[in-house]
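First the structure, in the form of structure tokens, and then the observations on it.
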Amino acid sequence: MTNEFLHFEKISRQTWQSLHRKTTPPLTEEELESIKSFNDQISLQDVTDIYLPLAHLIQIYKRTKEDLAFSKGIFLQRESKSQPFIIGVSGSVAVGKSTTSRLLQILLSRTFTDATVELVTTDGFLYPNQTLIEQGILNRKGFPESYDMEALLNFLDRIKNGQDVDIPVYSHEVYDIVPEEKQSVKAADFVIVEGINVFQNPQNDRLYITDFFDFSIYVDAGVDDIESWYLDRFLKMLSLAQNDPDSYYYRFTQMPIGEVEAFAHQVWISINLTNLQNYIEPTRNRAEVILHKSKNHEIDEIYLKK
């Protein structure tokens, strides 16, 4: 962290966990195991120490938003419309965004017992591989220009206005948008939007994605740690693809392990690290909260915007 983060309050794990009364996590060990990414590490102690205080903070932000909407309604002399509370979750590839997002979905649905919580990943807004090939940017997949940002902005606008929306589905197994398959996103009390690009600006700069967020989280870690987690995940994906010729990773199961490791390392250097340093990490100070992970995946520091 640099002077760029002077407008954040740095909070240790010990201090952060003391900001919320001790309660039993509202999920079981089995449920937690089922939602974590297969190369991630998280425990019920992490839920108690980190995520329950975070859910409480989100509750405060939601209440503040509702109070402001009510006051605006009085000022405008009209009834305020209920809108979903939208949470953006960003961070590098392989840093644990998906685990954080799925856990928040469970915690919010059980903290607000009558609330509905939708979870969306921005992978569905990647252009299909064929489109990327036609545009000559398949090697830039994951970079800002490989996303249909106008479609993402349109989705956020419709969700913000309480509409149901069908969006494309992306498969990491086939490494592409799944034809004819859609995720139906219903009007909800909470919508969590997770992806590497959720704090980035569209190229036309007419409207910022972050304008739609009521709360935002950046999952952070050291570059060397993220690289290690990425390579570990890549190799584990191979083990899952050994008997699945339809998987993108199947072709790598036919290669010597040394060649596979060299390929994965090159992908990390040329794509994921470049994307992280140039486009993802520079947006982290747009988050309300930064969760910093140590080498063993444990969150050791929290940065809260002042």
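From the backbone N, Cα and C atoms, a Cβ is placed for every residue, glycine too.
Residues or ranges marked as ATP binding site in Swiss-Prot: G91, S92, V93, A94, V95, G96, K97, S98.
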Field: Listed binding-site residues (S92, S98), ranked by Cβ neighbours within 10 Å, top entry
entry: S92
Task: Give me the non-local Cβ neighbours of G91 (ATP binding site): same chain, 6+ apart in sequence, Cβ-Cβ under 8 Å, ordered along the sequence.
output: K97, I196, Y218, V219, D220, A221, I280, R284
Task: Measuring CB to CB from G96 (ATP binding site), give everything in the same chain under 8 Å that is also at least six residues away in sequence.
output: S37, D40, I42, V219, A221, W229, K293, H297
Statement: Should one count Cβ atoms within 10 Å of each candidate's Cβ, the binding-site residues V93, A94, V95 would be headed by V95
- prompt: If H, G and I count as helix, E and B as strand, and all else as coil, what does DSSP give for V95 (ATP binding site)?
  reply: coil
- request: Inside 10 Å of the Cβ of K97 (ATP binding site), count up the other Cβ atoms and send me the figure.
  value: 23
- request: Compute the mean position of the Cβ atoms of G91, S92, V93, A94, V95, G96, K97, S98, which form the recorded ATP site, and then list in sequence order the other residues of that chain whose Cβ is within 8 Å of it.
  value: I196, V219, I226, W229
